């Protein structure tokens, strides 16, 4: 209560602190300003405004402030804009948009998707939130909507309107080939080229008002659009002030003058034309007119406007430029003449008569009673006629282009509803204000009146909904100003009356105003001027200069010049001036009407004035707005130098007063602006409740009791059905009490902690003193006994030294004796060793001589044995040769006998073959008959199995190799002949039995995972065994078609998708495992190898099944994501998982969204974990491969982290230290869930690293250089844009936390300069990791499969 706001000439308002209590009756107020100076305010009727607590500064909604007044609004906007770099702020139903003069990363498609489907109060303020609210109310309430974007030039109106239309184009895709939403967006470059220009305040200022109606069908998809325009600034065509430009299109054409298609227009540089160079400003820094011209022509083509139409438009524009260069000179006296080459070019381009045009530019026809007189006009009048013609032609061309755009945006179809986007000029006041500013301010008076009534109506509805008595609120009504302008004998009425007189002048009209309106308190005559008048508008008092009012209101063009234009052979131009009565046909509902009423007949006295046209079009606009639900966007220009994030308080407050924001604050402040739900109030202010109040089970009753006890004045609050309503300042009072209570608790805690600390210090000190005392006393005892011990020590030393000397002597003697003994022993051993060596040499010589003798003997014996062996071999060879000749004779005789026997057997074999052929013929004839019988029996049994599946299965064993095959008698043929006409009955049975009617739930108890895949593979195996390619191909096509049909029919059924994803993956693995390829057969058993395919290669079908599995996987993820997404934000961010830690600051403002669903279910982190467990359990039951299951869980964790982080980036109320604690706690729950499910080693937690680092960033200290370096080093998963956004959005929950200073943010930015990464603010929640299907062989023995009877597949038999 000791901080206030005081007026300041430079900053408008300045903060000060009361240094001495002020009591009623005091004459002075002692203040201390923030800069340390002192200020003493003399007694005034009004005390200074109180400042809001720091905890309320930076609110998303200005009406949430406890003290509602101008300085509080101005300060809140400055804190959000300068410190937090947030450009959007709510003010009740108004969105205040401050132009940052810098490109921001908050308009991407990811941001659009984040705001889509959200309630208006759930996310940070944004133009997308307003657009989403309008779209939802249109769909829910089935009522047309309007978005009114206003503000002064340079405030960003056009950009805001463009973003709103882009939002509708993205969220409501038409789905048609016409892509009408693209055409709606494409109309902006054209309208900006022909209707925008550079002014001293804005490089791309809209010089006309625009109301775009975007039409929707019953599915709320865009089917078309229509555009109305208001009060085009035609005078800019012929005159621009210093440092301003003409319309962009002229400079774009001059920049492309050398192009072949512009050669016929005879253009040159813009500085060569009078209409584009009179202000001295030709170019705009950073704008390429040539490139903009390409964009303009491209959008012309996108809208379907032909090249011929474009050529005609450019021809008229070029003609206007040449007309501006026509020089009119005095021909003597007051006569004037024109003979200029540019006039010839103008006439050639527009196909009009040059002599006639020259004549009627310099002369005027006067129609008298009896005759018609042609009179020359002075050069000034002729120049005015030339400029009037240029303005008239450009205005007609502008209307024609808008009409063509509307025709291009009109798509066949019935309009069910529409959203209108109004981009209109805000309240304007300049040093010199003329007719244009008068019309603009008149329009703003009408819009302000409509706004006041709408705000008043919403306040009344809120009170009635909460059952609170409604009391009248005093607010500013500007109806008297509107009556002053448009009522009978008002300003416009007197202006039109003066325009009827041929000799009417601005001075005569002004005198009439002085005479008729001098008694009106809202009309004043300036003291120092007789050529101006003043009007007290709702925003400010404005002085208008009367010069030019009549001429601009008449907008007159000589009839002779009009006739020349009508006579043009250029049909495109002639159509502009054909005076045809355009009657407005009544239509059902609020259809789009032209903002420019039809031109009346050529009677000059009855010609409609500009003021009358504008009043009529404004009436139609207000009629449309009153029939819709309005949404307001007020654009603010923060400074005139266009500097990024610079805040000029004087300029901002001027615009706030003019745009109705402060009026909204005024209306809110008179009632109960602070509105809290009972739960929010209980969570924040339960600290102020007594123990008895806390024990009450009904929290609503506890809140009522506490409020009645704390606030004695019952007029300061009201109890509604769901909320508590407080007067202005009461929330600040409650915050003060809460802070005092917290401070008191902190003081008690500090007292006990300090007492405990002092006691611990005392006890430690006392213990140390005792130890020191013990040590000193011990030293005294030691010193007394030291002398006695000295002599005893000397005696001991003497005896000890003698003892040591004796020991040394004995040791030396022992060593000497030992050395002598070892020396004598070594000498004896050496002598003995030499004797041993001599003896060994003698022994070696003896054995060597004996070995030599034996070797000579053995050599002689071997020679003798060799001689004997040679003799015996010769005798043996002679005997062998004799025996061989005898055996050869015997073999020759046996061969002759065998040849005779073979000839006889050959004759016998030929005879047996003939008999065998005859028997084969008889056997084949009998087999054909048996096969026909077997097929007929199979067909009849198949039909019987169709009628009744309860027949028992028959099992047969193959006698060839012992292998067991599963052959479904009807199942196989049902798939094999799936596409043949004569087996339609089988097709109708097999597909439902295996695909459509096979439910994942209810049979899992009796069914092994992947049973459907195994059955299908065994059918494939049977076709391969039969070596029938046709059957196999038909079977595969039937399986793929059947699975696709099931997925299409159950594309939202999670269990069905999970079931068939698992079985498709199992089937792919079976086809690999039993394909016969070595790389897939490494883990097969010998029995499994017997079931491999022998005759066909199904690699192509494996690829088709893989593509089908990928499709099922993405559908499967989509269903899970749609189910999980609504739970993520409530469970991860809004639910308070840490008991006793309230991490969100209650909003304290009314629910803005009229489309918020009532009684929505509140999700918690437990809900998220239960849903994940449900997904995991279903996938596990269906036998999904572990690798595929891990990929699905990883994708879900990525979605959880991305959605959570995106909401943190878009919600300022979630950026706090305590919220970081909540997030890290929830992440730990997710990690624990992974470990419980056996997925701890997966990479799912890696996807949560950005979220984990964001939570850490919210908790870490943010003040010193070391903190900035730590943030840059540790936040590696966040890009610089996201880090700076979180720091700027950091919001303290209570007064004990500190805000992040701008200097610290700049330090972090400096540390992040070298960081690489994306500049996107949002994470793409639609991103999908690449899915892989790892090969996992099955240990299942296919020959042991058991088909549960619950599947009703009795027609399957085992072969």
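Every residue gets a Cβ built from N, Cα and C, even glycine.
TrEMBL lists 151, 152, 153, 154, 155, 156, 157, 158 with the feature ATP binding site. Residues annotated as coiled coil in TrEMBL: 873-932. The domain 'Myosin motor' annotation in TrEMBL covers 57-739. Sequence annotations record features per position, and here TrEMBL assigns domain 'Dilute' to 1037-1314. According to TrEMBL, the feature region 'Actin-binding' maps to 618-640.
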Within 8 Å of the Cβ centre of 151, 152, 153, 154, 155, 156, 157, 158, which other residues of the chain have their Cβ, at the recorded ATP site?
99, 202, 205, 206, 426, 635, 637
Which of these binding-site residues has the least crowded Cβ, counting other Cβ atoms within 10 Å: 151, 154, 156?
154
Tally of helix, strand and coil residues over the region 'Actin-binding' (618-640) according to DSSP?
9 helix, 8 strand, 6 coil
By a simple count of other Cβ atoms within 10 Å, which of 153, 158, the binding-site residues in the record, is least packed?
153
Compute the average pLDDT of the predicted model within the domain 'Dilute' (1037-1314).
84
Count of other CB atoms lying within 10 Å of the CB belonging to residue 155 (ATP binding site):
26
For a quick check of understanding: among the binding-site residues 152, 157, which residue's Cβ has the most other Cβ atoms within 10 Å?
157
